[in-house]
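Notes follow the structure.
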Amino acid sequence: MRDDKPTLSLVVIGHVDAGISEKQIEKYAKEAAELGKGSFKYAWVLDNLKTEREKGVTIDISQWKVQTSTYIFSIIDCPGHREGYQAGFHQDRQTREHALLAYTLGVKQLIVACNKMDDKTVNYGEERFQKIKDEICAYLLKKVGYKPMVILFIPISGWEGDNMVEKCNNVPWSHGPTLLEALNNLTSPKRSTEKPLRIPIQDVYKIGGIGTVPVGRVEAGVVRPGIIAKFAPLSVRDLQRGYVASDANIQPASAVKSFEAQVIVMNHPGKIYNGYCPVVDCHTAHIACKFIHIKEKNHRRSGKVSEADPEYIETGDAALVVMEPTRPMCVEAFSDFPSLGRFAIRDMR
């Protein structure tokens, strides 16, 4: 296979025991069986932590690469077990929360793989598949923002490998592509190479004989030899996850004291007043931000102001809010750098 194929990031999400890790590879059965976890053999390659292998659930986030005829995929397997989520993520809402977070954080192409079609209660039945498809389209994807008509729904069995790489006879009623074909038909997103450099820092390593090595993803711009890198919001001495690297000579990134944000409350148990201080996940930053001023409520569809200076907002409301980070933080205007201007809010209480 060619090595010059474009690279796509593929995040695999799903509720607990949905089989999201089983879809990745079909080996490591012997090692899994030695710990009495033979039924989790297909997830074994991604579940690297000792705790994960003993419990049979994905807790950390694993990443590896796989090459197809069209793309090189960086596959990220996210935790689906309830114990791996803090307050704000509820088991009965996992699918909705996952879809919402994916859309909020910029994932615009979605493939829904309906796994475990081999289960005895389903037996590759079209009726069950259609019911799941209808529920997801009606109650989740439309409310989140995805367009169901452009989303592929694929019946598969990660355990048996059915309809993943090749067509199988167990689902003759399915006329769509296999999972592999669907992946190869994805569209490579446009890269913002013409914009100033922005690299959110994912991790920082201290390597003996080399020094400090920051690791991140180039979200905008191009890294060129000879540039002078600037790290924000503070100096390079304080470098940590959540910082942003940029070219010191071309519109460098900087800290913000406060920022205005368009907020949509998808799910909250009560009313939100000025002074509310949840955790905000923006690019790689994970920082508590206070609602300084709820400026206005807006109609979710038209964006027009429905109420100025409201006392509170609640589930279903859209609002313009002035937010203030409790620690130095880099945030950019969504129109300039979308990946650094979108965020998800989590109530950690």
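Backbone N, Cα and C define each Cβ position, glycine as well.
The domain 'Tr-type G' feature in TrEMBL is assigned to 6-83 (among others).
Positions annotated as domain 'Tr-type G' by TrEMBL: 92-186 (among others). Mean model confidence of the domain 'Tr-type G' (92-186) amounts to 86 (pLDDT, 0 to 100 scale).
DSSP states for the domain 'GTP-eEF1A C-terminal' (258-348), grouped as helix (H, G, I), strand (E, B) and coil, give 3 helix, 44 strand, 44 coil. Summarising the annotation, TrEMBL assigns domain 'GTP-eEF1A C-terminal' to 258-348.
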